[in-house]
Amino acid sequence: MASESMKIPQATAKRLPLYYRFLKNLHASGKQRVSSAELSDAVKVDSATIRRDFSYFGALGKKGYGYNVNYLLSFFRKTLDQDELIKVALIGVGNLGTAFLNYNFLKNNNTKIEVAFDVDEGKVGTHISDVPIFHMNDLEKVIQDQQIQVVILTVPAPAAQSIADRIAQSHVKGILNFTPARLSVPPTIRIHHIDLAVELQSLIYFLKHYPAEND
Ligand code: ATP
């Protein structure tokens, strides 16, 4: 299964969750078929890219018929491991961290923040949205006991690298880094950086220099 998904280009793999979410909604509303044009309109990916993406997993849409929603859904469920619950830990229960705990990705039924960590004694021992907050002293033990696979980092930037070093010693497979710090991790860990300030600035840059055409 892992080797099968490895054949999919990374850019395609990144779009799978987007397709999956839309198809789930279509399925829930009772739709059996979807055309690449409809998909394109909904997920804002051009239809040639969608057709190429879908060809990687053997979904060949027929002209005037479209794609079979059930087939695609079961493929995505397998590929995205939607049947397996991925346990997530959050480190840094500040403003952003608290928002994630309240949100807790409940719409994605395969991911759940199980535990959170902080150094603030006022937060340790409390719960947010039923997620217990532990002290950083217990990091290694708790992530081992809870079989955490992914860590979300929402600590201040200067604290991030030393925490990443500690995580690298565990069996955690991935880090979603919301701090502006660029972190080094061993090749055994995958890290995705999401710098919201940079994203916002880049949007504003594009608005200024590449204004949307009026249609
Ligand atoms: P707040 O207003 O609650 O401080 P914030 O998002 O502005 O929110 P930050 O200074 O970014 O605050 O810190 C985010 C959280 O990370 C805080 O709850 C803080 O206690 C925690 N934190 C700071 N250093 C560490 C660390 N080394 N390990 C774990 N958590 C930490």
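Residue numbering: from 1, along the chain as shown.
For all residues, glycine too, the Cβ spot is worked out from N, Cα and C.
Quick look at what TrEMBL annotates:
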- 18-57: DNA-binding region (DNA_BIND)
- G92, V93, G94, N95, L96, G97: NAD(+) binding site (BINDING)
- 81-182: domain 'CoA-binding' (DOMAIN)
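Taking Cβ pairs closer than 8 Å, the DNA-binding region (18-57) reaches residues 7-9, 12, 65-70, 72-73, 75-77, 79-80, 82, 107 in its own chain, all 6 or more past its ends. Mapped onto DSSP helix, strand and coil, the domain 'CoA-binding' (81-182) counts 31 helix, 29 strand, 42 coil. Excluding G92, V93, G94, N95, L96, G97 themselves, the residues of that chain whose CB lies within 8 A of the CB mean position for the NAD(+) site are, in sequence, L90, T98, A99, F100, T154, V155. If you take the C-beta of G92 (NAD(+) binding site) and look for same-chain residues 6 or more apart in sequence within under 8 angstroms, you find F117, D118, L153, T154, V155, P156, A159. Of all the binding-site residues listed here (V93, L96), it is L96 whose C-beta has the fewest other C-beta atoms within 10 angstroms. Other C-beta atoms found within 10 angstroms of the C-beta of G94 (NAD(+) binding site) number 13, with every protein chain shown included. Residue density at N95 (NAD(+) binding site): 8 other Cβ atoms are found within 10 A of its Cβ, drawing on all protein chains shown. Confidence over the DNA-binding region (18-57), given as mean pLDDT on the 0 to 100 scale, stands at 88. For the DNA-binding region (18-57), residue counts in helix, strand and coil come to 29 helix, 2 strand, 9 coil, using DSSP.
Remark: G97 (NAD(+) binding site) has L90, I91, A116, D118, I152, T154 as non-local neighbours, by Cβ distance under 8 Å and separation of at least 6 in sequence.
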